[in-house]
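Novice: A single structure is presented below for examination.
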Amino acid sequence: MPLYLKAEKIQSWRVLIMACAGFIFNTTEFVPVAMLSDIAQSFDMQTADTGLMMTVYAWTVLIMSLPAMLATGNMERKSLLIKLFIIFIVGHILSVIAWNFWILLLARMCIALAHSVFWSITASLVMRISPKHKKTQALGMLAIGTALATILGLPIGRIVGQLVGWRVTFGIIAVLALSIMFLIIRLLPNLPSKNAGSIASLPLLAKRPLLLWLYVTTAIVISAHFTAYTYIEPFMIDVGHLDPNFATAVLLVFGFSGIAASLLFNRLYRFAPTKFIVVSMSLLMFSLLLLLFSTETIIAMFSLVFIWGIGISCIGLSLQMRVLKLAPDATDVATAIYSGIFNAGIGAGALFGNLATTYLGLNEIGYTGAALGLIGFIIFITTHLKYRHTFLLQNK
């Protein structure tokens, strides 16, 4: 095998390892969605109240993303990844032995700390270790890893939780994380910090209105999604009257939609980035608006969830790629801010979903999310029209 092909194969394996790391981080972030009812029963709580686990996790990431990124900005990336995985594993061990809900929240905050740095560096890191001329495909591979978290992580986590308890689910995640950490130690090269940015980058980024409005759009649109998604399990069971096994199958469909979104992103995004985002947001709003109606038949719900998953997955990929293009001189800092704001959206969405469930009823979460999605859509369109020339320059 020619040396350049051998080197490219090794690089591809490294990208795959990072995709597996993304899988495990995304699995643990969202697996509580599939186990809210079981966790609530364990601690004798209301399901809506245990949904605040998502809020605490997300807001920990929001608060810590930028300061943690600045504190670790000059660290060699391989050693930083290893330290993050150690924190991640310790957090899951604490989750397994949590003797009350507050200890579980503390464990989730520990995991969220590792998350805050991991997702700040991962996108730019994957671009660095990927083969030449395959940067977009590498980001797509990372996206597939995160999508598989929904396909495999959430349904399997739910099944394990139902059979032997939610604590075992967190224990299995810890074991998988340990395995991935050993692969990182063995296969990843030393990676000095590069174009990470520093605290001096903040005033420069603040002078880029297109980037700032992109952050605002991200917060609102992600809030719209998680207003409904956080409570999708109790919605399907209590409102849709689905058997719990069908609820697991719906989560599986959502995950497969993430892979479809990754393929669409790889093929279509580069040709018309703005149109791609507009269509993706439209799919999200359409799905949330019709969520309640989809409970009439199983086929309707499966179809709607698939479309919903494509919409939100394409939005996440597109906005992250846009951030990287708008801040090539400070990728890690810009991505850290994006990660924090993304998780602010998750936390806000979980909170809005909780409020909608408490004061309006569980059946109203789709309408609440759709209203938020419309606000985000209007902001994005308005921003695009105002900074049209900047959009065109950034995509030349």
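Using the three backbone atoms N, Cα and C, a Cβ is placed for every residue, glycine included.
Pasting the relevant annotations from Swiss-Prot:
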TRANSMEM  15-35  transmembrane segment
TRANSMEM  51-71  transmembrane segment
TRANSMEM  84-104  transmembrane segment
TRANSMEM  109-129  transmembrane segment
TRANSMEM  137-157  transmembrane segment
TRANSMEM  168-188  transmembrane segment
TRANSMEM  209-229  transmembrane segment
TRANSMEM  245-265  transmembrane segment
TRANSMEM  276-296  transmembrane segment
TRANSMEM  297-317  transmembrane segment
TRANSMEM  333-353  transmembrane segment
TRANSMEM  365-385  transmembrane segment
Novice: If I count Cβ-Cβ pairs under 8 A between the transmembrane segment (51-71) and each of 84-104, 209-229, 245-265, 297-317, 333-353, which range comes out on top?
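Specialist: By Cβ pairs under 8 Å, 333-353 leads among 84-104, 209-229, 245-265, 297-317, 333-353.
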Novice: Sort out for me which stretch, of 84-104, 168-188, 333-353, has the most Cβ pairs below 8 angstroms to the transmembrane segment (15-35).
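Specialist: Stretch with maximum Cβ contacts: 168-188.
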Novice: If you count every Cβ pair below 8 Å, which range out of 209-229, 245-265, 276-296, 365-385 shares the most with the transmembrane segment (333-353)?
Specialist: 209-229
